[in-house]
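Here the structure comes first, spelled out in structure tokens, and everything after it is commentary.
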Amino acid sequence: MKLSRLTTDHLRVPLGKPTRVSLTDPKPAAPDVVDVVVVRLETDTGVTGLGFTYTLGAGGAALRALIDTELGHVVAGEDPRDTDRLLARAEARFRAVGFGGLAARAYCAIDIALWDAKARAAGVPLAKLLGGAKPAAAFVVSDAATIGRDSGEALKAAKPLLKQGAVGVRVEVGVGDVQADAERVREIQDGLGEDGWIAVTADGRFDLSTALALTHFFEDVGVDVFEDPIPAADAVGYEKLARLAEVPIAVGATFDTRDAFFRVIREGTIRTIRPDVCRLGGITPLLKVAAVAEAYHVAVSPVRLPEVGVHLACGLASVPHVDSVSWFRDVFTGGPGIDGGKMSPSGQPGLGLTLNEEVAGKYRVLPG
């Protein structure tokens, strides 16, 4: 089986009420769109693959250009099942300038499409190809309590999924007044009740002293985990924070390399990591991180993208739950479903996804 064609598509999907904070501006501001770059692969046997990547703020056109002019050549004419070898080729092509950043995020779309094709060729859902650890997984509401929503709005947005069995809510903080952040977390926790699970995520926006002070408050409130409180590069700070904090610390949403994960896993102070499949460069590098994490009994909680995350959670024993994020619910058909309080893949081969052409037609960005 050889790849015979690669095509790309660029969509700019509205988010409606601000749901995430972009880190690309000098002063972070909530974006109103997410750029999605879709890759379609065709093979000489008729098997196809579909993958995608995204960016908030700048970079959508650059991602597509990198795929069309550089990364597409890496996989042209190759066997899509050779995912490890093709990742190594992509990394080698960008060794002089570094693979992290836009190149990794662009290659992610290709890598996801390769895995989709591999599973379709095998006639099984991707979760089964990855190991089939469980038929369905717990899920967390991860796009309700984002910056731009007060506690009342957040609880209202989360309520439908909580009724369907979501185990908890992820609350984003770190832009604006720290005291206001703390009170908002308290109000959401009060709204969830004593048994409500809550994660607080900051994308590295605090300094060490502020983060440490917040852990004391979060412990009193009943926060279950504090995610990415300080910048990713502050390895010493994370070691100190994990040792002194009264709330479990999770890291990784802003890590760009596998080595960054390997370092914190080996140090042994972090019990949950949060890899972003797009930042790492796809499923292939994420699986390498997950394998090391499992060896050290560290849980893996992939960031966003339930269309991929549900397969990771159902395929790998070390992934306890899925981020429920609705960004692409209308962009693709065949996404994950919820039944009996758990999220599961559609059961179709591969990712099970098909691009919704009617929706894509509304949001397509033309080249140039």
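One-based numbering along the chain as shown.
Using the three backbone atoms N, Cα and C, a Cβ is placed for every residue, glycine included.
Features reported for this protein in TrEMBL:
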DOMAIN    35-131  domain 'Mandelate racemase/muconate lactonizing enzyme N-terminal'
DOMAIN    156-359  domain 'Enolase C-terminal'
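Across all of the domain 'Mandelate racemase/muconate lactonizing enzyme N-terminal' (35-131), the predicted model scores a mean pLDDT of 96. Per-class residue totals from DSSP over the domain 'Mandelate racemase/muconate lactonizing enzyme N-terminal' (35-131), listed helix then strand then coil: 53 helix, 18 strand, 26 coil.
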